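Asker: Handing you a structure now.
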Amino acid sequence: AKCVDIALSSCTDVAYTQMAYPNFLDQKTREVIEYSSEYLLISVLHNLLQGECNPDLRLLGCSVLAPQCEKDKVIKPCRHVCENLKKNCLPAFDAIDMAWPYFLDCDRFFAGEEEGCFDPLAKLRGEVDVEEDLPSDLPATFIQFKHHSYSQMVSTLKKTASKCSQIATTYSIGRSFEGKDLFVIEFSTKPGHHELLKPEFKYIGNMHGNEVVGKELLIYLAQYLCSEYLLGNPRIQTLINNTRIHLLPSLNPDGYELAAEEGAGYNGWVIGRQTAQNLDLNRNFPDLTSEAYRRAGIHGARLDHIPIPQSYWWGKVAPETKAVMKWLRSIPFVLSASLHGGELVVTYPYDYSRHPMEEKMFSPTPDEKVFKMLAKAYADAHPVISDKSELRCGGNFVKRGGIINGAEWYSFTGGMADFNYLHTNCFEVTVEVGCEKFPLEEELFTIWHENKGALLNYMEMVHRGIKGIVSDKFGNPIKNARISVRGIQHDVTTAADGDYWRLLPPGTYIISAQAPGYSRVMKRVTIPAKMKQAGRVDFVLRPAEAWPNKLLRRSMENTYDPYDPLELYDPHAQHRQPEARGGSPAGREKPWWWSYFSSLDLHKPLWLLKQ
């Protein structure tokens with residue numbers, strides 16, 4: 001074999017740079033490959049499968065059509081990678097009545113690891129970039145204050161989780177449009193599991209790809225939590241021992257790559273902000289705020305757990321957005337913050353004005369006091385935000401204490417913070433962590449020290465208010481029971497184990513718990529001003545003689561819309577589709593996708609027909 005540079009447009013993003021002719025299909029020139037049905041298939045699979053299993057399948061196909069070549073030696077792709085992908089993706093082919101492509105035959109064109117194969121999907125898992133060697137005698141608390149590429153970020157998170165394996169793990173909530181895993185590092189005394197009465201907290205960074213400070217802060221925070229826990233820092237040990245913490249440094253890794261091409265110091269407002277689909281993720285969530293305003297005037301209507309309207313799914317929904325929504329369904333988050341850049345202020349819901357034509361209008365939620373308490377917890381612990389000088393970044397917000405209602409700053413719809421509050425139990429604020437979106441590396445150390453205390457202080461706020469367990473008289477937990485606070489038109493619901501958390505500022509409240517088929521129980525609760533741990537308030541519900549309010553019962557049982565694509569959606573883009581009925585009987589019409597290959601004349605891919 002003779003190694004040559006890859007010139008196939010659909011294979012230019014593979015993890016290697018050279019290929020060899022002929023390829024594994026005995027195609028001897030670039031032209032023959034480009035006019036082949038195999039090459040056309042990998043070019044259009046993304047559309048045929050509606051984004052499923054891609055770019056995985058395209059990269060796997062490229063490993064056969066443009067085989068890796070090093071030092072004039074061809075290297076086969078690994079068989080186990082092919083087998084895993086086929087297992088996950090075959091149902092997607094069945095769903096459109098398409099046979100598995102012959103050139104992705106795992107036994108014929110792929111090799112075992114003992115034969116020296118390569119993983120064509122390593123790039124998607126961030127395993128390609130080589131980390132620079134660091135001295136072995138570095139202190140345990142060492143943090144490298146630099147910008148991390150996607151693969152460097154993944155490597156750092158995995159190394160951190162390995163270093164603190166007893167309290168940390170990594171996982172992915174799904175894939176970006178271009179197939180990159182949306183990696184999370186979790187800290188808990190029982191990583192990977194929800195623990196009874198232990199609140200769930202999350203930070204999300206880099207929602208806009210060109211706003212990179214939040215991403216770096218969360219990478220540094222992960223390393224800091226790990227090293228300080230091991231060193232016995234009492235504040236960090238208390239935090240991790242009593243909280244389950246999830247850090248998602250980059251929600252938009254595709255956009256970050258575009259911004260990174262411009263380089264540090266570039267602070268444009270456009271390049272990299274959106275996803276590879278040209279979607280702004282903070283405008284892509286369902287607009288539940290309009291529905292909340294509609295309900296606000298209805299007596300007895302609740303402004304919580306509002307279902308996603310069916311019309312939302314008619315538009316373009318980013319896989320990153322779906323992954324977050326699925327994540328919110330799977331974990332009972334209590335508190336969250338999304339880290340942005342371009343200003344220095346903390347904003348809180350609602351982000352959408354109650355009068356759509358008003359671009360700057362104070363639009364509070366029923367939990368205005370709670371949100372102000374949360375926003376101030378971050379702002380007051382940040383030395384620059386709390387600085388009284390108006391001649392600085394964020395100076396416009398000094399008279400407001402460094403916080404502002406989102407819609408009063410500027411109104412927009414489809415935001416993630418409003419969605420958290422109106423669809424789940426989670427309270428989320430947005431932190432604008434600095435006026436530079438992509439600062440120079442030498443500025444990162446200072447930015448970390450300005451935000452470190454605020455990041456910790458805000459996490460500790462997850463323990464304010466009350467928590468408890470709702471059960472029946474036999475001690476069995478009651479899931480989805482509603483916890484109501486008199487005077488606040490927003491409930492929270494119990495998790496699968498019957499536990500709940502209700503964030504509240506100090507004061508005296510009438511709290512009630514109710515569930516379908518049970519009588520309501522009410523309690524008077526006082527939260528002292530200096531209390532920094534959630535007060536324990538349990539409820540035991542007894543069966544009701546007759547359910548008094550059929551409308552309420554129906555609204556409590558049907559938390560989500562009957563038409564709910566999220567229930568079937570696999571954010572890892574390898575979900576099982578309903579299998580096609582029967583085979584392809586002789587004489588039946590060609591499948592709808594056959595028209596994609598109409599230009600091939602004599603070389604149509606009959607091998608894709610299930611006959």
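Each residue, glycine too, has its Cβ placed from N, Cα and C.
Because TrEMBL annotations are produced automatically, they should be read as predictions rather than curated entries.
Taken from TrEMBL, the feature active site, proton donor/acceptor covers E432. The disulfide bond annotation in TrEMBL covers C82-C106. TrEMBL lists 1-120 with the feature domain 'FZ'. Feature annotation from TrEMBL assigns domain 'Peptidase M14' to 146-462.
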Asker: Tell me the residue counts in helix, strand and coil for the domain 'FZ' (1-120), as DSSP assigns them.
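Answerer: Summed by class, the stretch gives 53 helix, 17 strand, 50 coil.
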Asker: If you count Cβ atoms within 10 Å of each one, which of the disulfide-bonded residues C82, C106 comes out on top?
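Answerer: By the 10 Å Cβ neighbour count, C82 comes out on top.
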Asker: Taking only the Cα atoms, work out how far C82 (disulfide bond) lies from the residue listed as 'active site, proton donor/acceptor', in Å, as a whole number.
Answerer: 43
Asker: So for the residue listed as 'active site, proton donor/acceptor', how many other CB atoms are inside 10 Å of its CB?
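Answerer: Other Cβ atoms within 10 Å of the residue listed as 'active site, proton donor/acceptor': 25.
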Asker: Between E432 (active site, proton donor/acceptor) and C106 (disulfide bond), what is the CA-CA distance rounded to a whole number of Å?
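Answerer: Pair distance, Cα basis, whole Å: 49 Å.
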